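Heads up, the thing below is written out as structure tokens.
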Amino acid sequence: MCPLRSLLLISTLVLLHHLPHLSLGRSLPTTTASPGRSCLDYSQNLLRAVSNTLQKARQTLEFYSCTSEEIDHEDITKDKTSTVEACLPLELATNESCLASRETSFITNGRCLASGKTSFMTTLCLRSIYEDLKMYHVEFQAMNAKLLMDPKRQVFLDQNMLAAIAELMQALNFDSETVPQKPSLEELDFYKTKVKLCILLHAFRIRAVTIDRMMSYLSSS
């Protein structure tokens, strides 16, 4: 019989993947990181940071259609990463009977697993998460540069969120090519930039929930 924990995880991942209109305004419980922080600690910190940033943006940009019901949902990782598929529990991804044994473990450099050993499928999952974080980090940095040019200085990104992304990426510790930031040649439109900020924050919070669920599953496995 399939482990109940695995079934609950896959149900959550599929729900988050197919319901982008999921309510995003709920407050999150405060957690205390244990000594020698794990990727679960970092993912929880990231989820709090992006939730706080989104809440502030919705309050500041209340006249910019910044609620989940009003925005046009967009996934910048579409066709570039496959986190939901890569992060399926191994017993569900490799064998419908859920009796498949774990693949041979090997050494990884990241701090996400205390032993430093993980299966091939888990490594694919963590790498996909890393690639997601990298893409969003680049997008947010480029967008923040535009927002800082706005004479109104109405809204800009919380540095705590950018730091939380960088911390989790560092903990995952995958080698990856640097994503070049291509400067936009179009005329700056601060209204469109602020609407785009809302779209990215909503999408990233959904991805942060998925990442946190996966880290929780891995830490309890």
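From the backbone N, Cα and C atoms, a Cβ is placed for every residue, glycine too.
Secondary structure at CYS39 (disulfide bond), taken from DSSP and collapsed to helix, strand or coil, is helix. Annotation source Swiss-Prot lists disulfide bond at CYS39-CYS112 (among others).
In this structure, CYS198 (disulfide bond) is part of a helix by DSSP. Taken from Swiss-Prot, the feature disulfide bond applies to CYS66-CYS198 (among others).
Sequence annotations record features per position, and here Swiss-Prot assigns disulfide bond to CYS87-CYS125 (among others).
The N-linked glycosylation site annotation in Swiss-Prot covers ASN95 and is backed by sequence analysis.
If you look up Swiss-Prot, you'll see 1-25 marked as signal peptide.
Taken residue by residue with DSSP, CYS66 (disulfide bond) is part of neither helix nor strand, so it is coil. In terms of local Cβ density within 10 Å, CYS125 ranks first among the disulfide-bonded residues CYS66, CYS125. The shortest Cα-Cα distance between CYS125 (disulfide bond) and any of the disulfide-bonded residues CYS39, CYS66, CYS198 is the one to CYS39. Distance between Cα atoms for CYS39 (disulfide bond) and CYS87 (disulfide bond): 15 Å, as a whole number.
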